[in-house]
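Marked as active site, charge relay system by TrEMBL: Lys80, Ser155. Taken from TrEMBL, the feature active site, acyl-ester intermediate applies to Ser179. The substrate binding site annotation in TrEMBL covers Leu129, Ser155, Val176, Gly177, Gly178, Ser179. Positions annotated as domain 'Amidase' by TrEMBL: 34-509.
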Amino acid sequence: HPSVNTVSILSLPLPELSKKLRDGSLPLEHVFYAYVGKALQIAIETNCITEYLEESETQLRKVKQVEKPGLLCGVPVSIKDSINCEGHDSTLGFVKNINKPAAEDSVVVQVLRRQGAIPFVKTNVPQSLISFDCKNLIFGQTFNPLLYSKSPGGSSGGEGALVGGGGSILGFGTDVGGSLRFPAAFCGICALKPTGNRLSKKGVVSGVLGQKADSPPRMLSSDLFQWPPMAKDVESLALCMRALLCEDMFSLDSMVPPLPFNEEVYSSTRPLRIGYYETDFFTMPSPAMRRAVRETKQLLEEAGHTLVPFELTNVDYVVFNFCVRGMFADGGVSFVNNFKGELEVHGVKLFFWLSKAPNWLKTLFSWIAKPLMPRLSHIIRSMKANTVDEVWSLHHEIEEFCHQFIAQWKKLNLDVMLCPMLSPALRMGYPEKLSVAVSYTMLYNALDFPAGVVPVTMVTEEDEEELKGYQGYFRDWWDRTLAEAFLGSVGLPVAVQCVALPWQEELCLRLMKEVETL
């Protein structure tokens, strides 16, 4: 409509937009169709949307008739493909899942609707979700809205592209090893991975072994899985968490602890004691990543906070033994079964072929690879099938590691942690070659700590020049490939991670807000 100022609507931050929608100063239809139009534009540019939810128009009319509007009244939201919406497919990028619509909404979608939000599109994912790129045989490749030659990240790459391009003000994805934090960092937006059960997992397919996240975990895959929101700014994430952590969530899923949003913690102004590190000594940070942490540390210190060095150890063991072995504890049998009847395998060929190999062959491959590519040797060995006793032992190891990490945290009397985040966005086609580059994110899935991503700077010409000397810690094919993947990124965003102890999402958001403001 010529009288509607679409640009001004799309420029409003979520807290201001939702306030105007609730008090009636902004018509719901104007906002809804402004975002539908922008989403269509971004979809044409990046191929990020898989489906338009036509019932959103019906819901729009119903929301107008509600007497007591919810916190997200009239807010259009986007939903990742793997999150169930009644009557729509959750394909996970598998052809065999086409025309198998979900029988009901996932719990989080139900709560969003009760809070007045209007889910209006579903977004693209990589096949099986075990990739931090975004490509499948059904919908094709999604592109980064900031630079089409770069990956949008994954597995919530469609969400990252749509929110990053301005076609959605609030998006929802999943995170099993960085699946929402990668797209947020690559597309220059914010995201929060909460503690595992802070939000309901009912009706969300995890993708690791193809099971629903609320079903009994096959080995350890569901232990790593979380359900996060993403938005342009931290205050929007905080508003989202306020809306979701309500009685509806707690009554619809009794596995979610009844912990409402703690406003006092989030709004506090007391100085924080913040741990930090510049590297995990497994994946060498890009020059821009290291600079992002250093500059953020300095700004936080100048603002009156205390920064304390935190020493990470044994990250290689965490990646290989807890994460890879944990996800493929049955030797990859369940993972391979997902691909039965599929025409192609995208983005996970290494894991697929290793999963098909018997244990004796994996042992042989591991031995052959050890002198030339020790990391590949560790991955192969970690993908051997485990006995029940070995799985119980692995559970115990992970618990012990968590206790040791928390003990180190408390010995330093930390409130929160500032950490690197893999960025800038990698060149198209490179994420599928770099499955080992997930160490910065996957650590906090293994620990089940809340972790958020905030963009803090951009790649400079000096960063790009310094990248020419990048060698990595192992100086293997993966390190050389990662250096290539970072190239051509001048002007692209670089993010940091903010981390808190389990169930302290509000404290994590508080640090994110502080970092964003500074």
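The backbone N, Cα and C atoms fix where each Cβ goes, and this holds for glycine too.
Across the residues the record lists as binding substrate (Leu129, Ser155, Val176, Gly177, Gly178, Ser179), the two Cα atoms farthest apart are 11 Å from each other. Between the C-alpha atoms of Val176 (substrate binding site) and Ser155 (active site, charge relay system), the distance comes to 9 Å.
Among the active-site residues Lys80, Ser155, Ser179, the residue whose Cα lies closest in space to that of Leu129 (substrate binding site) is Ser155. For the binding-site residues Leu129, Val176, the largest tally of other C-beta atoms within 10 A is found at Leu129.
Cβ neighbours within 10 Å of Gly178 (substrate binding site), excluding its own Cβ and spanning all shown chains: 31. In this structure, the CA atom of Gly177 (substrate binding site) is 9 Å away from the CA atom of Ser155 (active site, charge relay system).
Proximity to Lys80 (active site, charge relay system), judged by a C-alpha distance within 10 Å, picks out Ser155 from the recorded positions Ser155, Gly178, Ser179.
Comparing the recorded positions Lys80, Ser155, Gly177 by how many other C-beta atoms lie within 10 angstroms of each C-beta, the top residue is Ser155.
Here the Cα atom of Ser179 (active site, acyl-ester intermediate) is found 5 Å from that of Ser155 (active site, charge relay system).
Across the structure, Gly178 (substrate binding site) and Ser155 (active site, charge relay system) place their CA atoms 8 angstrom apart.
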